[in-house]
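Notes to accompany the following structure.
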Amino acid sequence: MTTEILGVIVTYGLTLLLAWPLGKYIAKVFNGDRTMLDFMAPMESLFYKLSGINPREEMNWKQHLKALLTINLVWFVYAFFVLIFQDHLPLNPDGNPGQTPDLAFNTAISFVVNCNLQHYSGESGVSYFSQLFVLAFLQFVSAATGIAALVVVLKALREKTTDKLGNFWEFFVKSITRLLLPLSIVMAIILAFNGTPASYKGKGSYVSMQGDTVNVSRGPAAGMIAIKHLGTNGGGWFGANSSHPLENPNYITYITEMVAQVIIPIAMIFALGYFIRRKKFAYVVFGIMTIGMLCLLIPTIITEVNGNPAIAHMGVTQPTGAMEGKEVRFGPAGSAYWSVVTTIISTGSVNAWHDSTMPVSGLMQLLGMMINSFYGGCGVGFLNYFVYIIIAVFISGLMVGRTPEFMGHKLEAREVKIAALITLLSPFLILAGTALSSYVLAHHPDADWAVKPSAWLNNPGYHGFSEMLYEYTSANANNGSGFEGLGDNNIFWNITTGFVLILGRFLPIIGPLAIAGLLAKKKYIPASAGTLKTDSLTFGVVTLAVIIIINALSYFPALTLGPIAEYLSLH
Amino acid sequence: MKRYILPAIRLTVVLIVVLAGIFPLFISAIAKMAPGKGDGETVTHNGRIVGYANIGQKFTGDKYFWSRPSAVDYNAAGSGGSNKGAANPDYLKTVQERIDTFLVHNPGVRKEDIPVELVTASASGLDPDLSPAAADIQVARIAKIRGIPATRLHALVDQYTKGPLLGMLGPSKVNVLQLNIALDDLK
């Protein structure tokens, strides 16, 4: 067990070691400073030329939003139709069928919004064409969308008074050419050399030593698995995601994938410090996020390493911890670390099934997604944290009886209202969704859908309720992991989570962008002795308190019915 | 919105060509140099392909080291776990049955010594590995059937045990397919 814990510590340490210089580099890229990847500039110019874009055209926050939403709409329409007609398109060696409209609706949205809930299985639900030309493509561009949105906000925070916030297309394209694509190439090569398939051949087959004939799914998976982590997407090539021995063959790929999924979110925090020239602010944010992460991680590791009490009750000692839904090569500690990281940032890839983890771990995973800003997803992680900061500034202002200010701009009713609405949106979507599904389950168990409500749940009692709660929480957080026992490929889940996905993605982008845009237009007020210092540890703690209070008030009742009740029944 | 629709479509087309067309082709070309040439590494025994190096396969015969229970019965055209919750009574019954089956096939083993991964389903359903303890506990059964001294089998397990990465990171494991091939080669 010692080597497993050490594996976790070294993996996290390595992440920080790499995130530090990467953060500096990201700041330089968006600052327009010289970097070692400047040789990409001609390629970018070509992209702009072919697309009829002038990257020097300055946009205000509304124009940024319009550009962002327009291109996202284009992707959705494109993805939807390819998924429906994939059986008529090339690169389908396994002969997989087209998706039903409701599944295609869910899948298209899910990948456009960087979530990757997968209500299909990679081996049988999509063609190679869809995997590459829709899903992996969207994994790149959805991550770049989040990063570009964050850069706009940072630009607004940095300037004294302006409405010129750079060019959306430039931020977006550079996120791909300077960051996501180069890192993906490196990572895909590491994966390929450790056994992840990368060729276009269809299923392989062999006759086993016991004489069974077995077909083996494969395909050009390495590239997708790279971007699925670097872009905090999470949607895997295979149904079993990163627990699949081809998707995550050994401990080297475990470390690679673990580092990859959290490196950009952490690097973004460091980049923020350089970019807005407030390093101390960035360190405080990083510190609070890390404390939050540890509060979720430590109980999870302890619980998983101790094993399942119900199995201990049968008389089996569990020196290797809880192993249901886990792989031997990762072990319980490595799987626990993954499950927390993948839920606090919005990856949602898994190397062990969360449905089979212990109730305490399930609770931590749910909390990670509900808070959704301890590091958080590519770009959007800080946007979520930013909303909490606005609330914290407002509350601090009330406590000392001064008009609240943030980064030299007065925070007034309009901005606070936006922040409050965004904060309330998550509990509304999650709890209303779970309530609706519970109602349908209880009152219309035999509704004639692809999966009848009576067959939705893979587990009885409290845990079954958690499966539904988890699905909406994951959709709202744009996370994409699931308590996968849930029978979710039917019109009810495809449509309802589809709408939760859209709202849970775009409103939390629109809100912070609007707040930052509105602030940047206001008169700049130089800091004085009476200014609330947002880069102090005290303010960091206030923000953490705001996060805890808001989330506890929102979710405690629902969590009591799910994992907390399950915990009490198990012990 | 009208102003942005055309650039959005054109940029999308350009990026599809680069990210979905060129990028995976490039990786595929480089992977030709990797073990298995990017097709997935296979294992050959006595001149025929008996499996994939990384993918677990079903071993249920008493003369072989068993692999872990699988929710997809080691059908590698799919993958997945049981997704059973820790307190699910049906699930706990299944675990109890696996314990009973194991004890029947491995007389002399005490219940509390059964490594838990032998009675729980893996995440992928294709887990290629066992912990060294889970292999060692099967040695007595195999030694009896094959008439090979237990000490030789324990040595074999030791030989095929892969320690933690760099000797300090992650769990130890034994690849069941490799171990069983070596077992068949013992004469």
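Glycine residues also receive a Cβ, built from the backbone N, Cα and C atoms like all the rest.
Listed features, source TrEMBL:
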type     : residues  : note
TRANSMEM : A:6-27    : transmembrane segment
TRANSMEM : A:65-85   : transmembrane segment
TRANSMEM : A:132-154 : transmembrane segment
TRANSMEM : A:175-193 : transmembrane segment
TRANSMEM : A:251-274 : transmembrane segment
TRANSMEM : A:281-302 : transmembrane segment
TRANSMEM : A:374-398 : transmembrane segment
TRANSMEM : A:418-442 : transmembrane segment
TRANSMEM : A:491-516 : transmembrane segment
TRANSMEM : A:537-558 : transmembrane segment
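Here the transmembrane segment (A:491-516) lies next to the transmembrane segment (A:418-442) in space: the count of CB pairs under 8 Å, restricted to residues six or more apart, reaches at least 3. Counting Cβ pairs closer than 8 Å and at least 6 residues apart in sequence, the transmembrane segment (A:132-154) and the transmembrane segment (A:418-442) reach fewer than three and form no contact.
For the transmembrane segment (A:418-442), the residues of the chain that approach it from at least six positions outside its boundaries are 370, 372, 387-388, 390-391, 394, 453-454, 456-457, 465, 468-469, 471-473, 475-477, 492-493, 496-497, 500, 503-504, 507-508, 511-512, 514-515, 550, 554-555, 558, judged by C-beta separation under 8 angstroms. Highest Cβ contact count with the transmembrane segment (A:537-558) among the listed stretches A:6-27, A:175-193, A:281-302, A:374-398 falls to A:374-398 (criterion: pairs under 8 Å). Between the transmembrane segment (A:6-27) and the listed ranges A:175-193, A:251-274, A:281-302, the one holding the most Cβ pairs under 8 Å is A:251-274. Within its own chain, the transmembrane segment (A:251-274) has Cβ neighbours under 8 Å at 7, 10-11, 14-16, 18-20, 22-28, 30-31, 143, 147, 150, 154, 179, 183, 187, 190-191, 194-196, 225-226, 229-232, 234, 242, 280-283, 285-286, 289, 329-330, 334, 337-338, 341-342, 345, 347, 349, 351, 375-379, 381-382, counting only residues six or more beyond its boundaries.
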